[in-house]
Ligand code: BJW
């Protein structure tokens, strides 16, 4: 396999006490899950994902926002983890102390075998009512049509309030335990891999900066430039499904004593 890492970086990862694999929507792009920057398709093409992911949008039109999340939930159910998710899980198994921290609300890291990924922005699979009661997601999602439009959200069986997606929208606080774990991991790691994130949504985008300030080596994997380029020690230009397996193979070779 073609080498992608500069000299010494595979050794640094292989011998790290702690590695943080920090991911964004780009890692799921090659599984067919659209990123936030991608234009939406079909019935959703006249909407902007960033504008739908707000409490104000849900308040103004709950059926519109709930329908969009149902459509996305069905799309994720049909998607499979790609080689990038698989390599992230393999790296976690290879280098003890590796933590996966994701901004994604899909479950592709878990399905690829990553252990206890930290979800900073919640999950498509944990809806709750607006008063905070958990709600059992309906089964039979595979039957959701591809052209699903607005759908009125269900009502909470405990209190009758509207059910909303269990995700973090703009202006909402990140789950405290997840964010604390992520900051702790970023400030104590030796290496942070920032994969497939535009690095513009805060406070998650602070994590690579926290790692840099703490003396970690920060490696970015992204086909495009991002605002994080300047603080990264290594910028690997390309897709996660192509570059992460190559990165993993180099680290594995080091741990096997091959270099
Ligand atoms: C590939 C690829 C391939 C493509 N391989 N790569 C400081 C400064 C300025 C503003 C703020 C600030 N602090 C807070 C704010 C406000 C705001 C914010 O950040 N605004 C900015 C947009 C300006 N932040 C918030 O509101 C946060 N809350 C908060 O701060 O609360 C304060 C508070 C405290 C106490 C009480 C109350 C409040 C919350 C942010 C929540 C973000 N939520 C979303 C939606 C989640 C649910 C859902 O999925 O629907 O999270 S928005 C969206 O952005 C989603 C993502 O997780 C997140 C990040 O996006 P990501 O993952 O980077 O995706 P993209 O699409 O942007 O980029 C994809 C990248 O992949 C690109 O770079 C491609 O090139 C690359 N790519 N193919 C590798 N194959």
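One-based numbering along the chain as shown.
Here the Cβ of each residue, glycine as well, is placed from N, Cα and C on the backbone.
Note that TrEMBL annotation is computational and uncurated.
According to TrEMBL, the residue from 88, 181, 182, 240 that belongs to the NAD(+) site alongside 103, 104, 105, 106, 196, 197, 198, 222, 223, 224 is 240. The highest number of surrounding Cβ atoms within 10 Å, among the recorded positions 72, 121, is found at 72. Sequence-distant contacts of residue 156 (Zn(2+) binding site), defined as residues of its own chain at least six apart whose C-beta falls under 8 angstroms from its C-beta, comprise 129, 131, 133, 135, 162, 163. Residue 105 (NAD(+) binding site) sits 10 Å from residue 72 (substrate binding site), taking the CA atoms of both as reference points.
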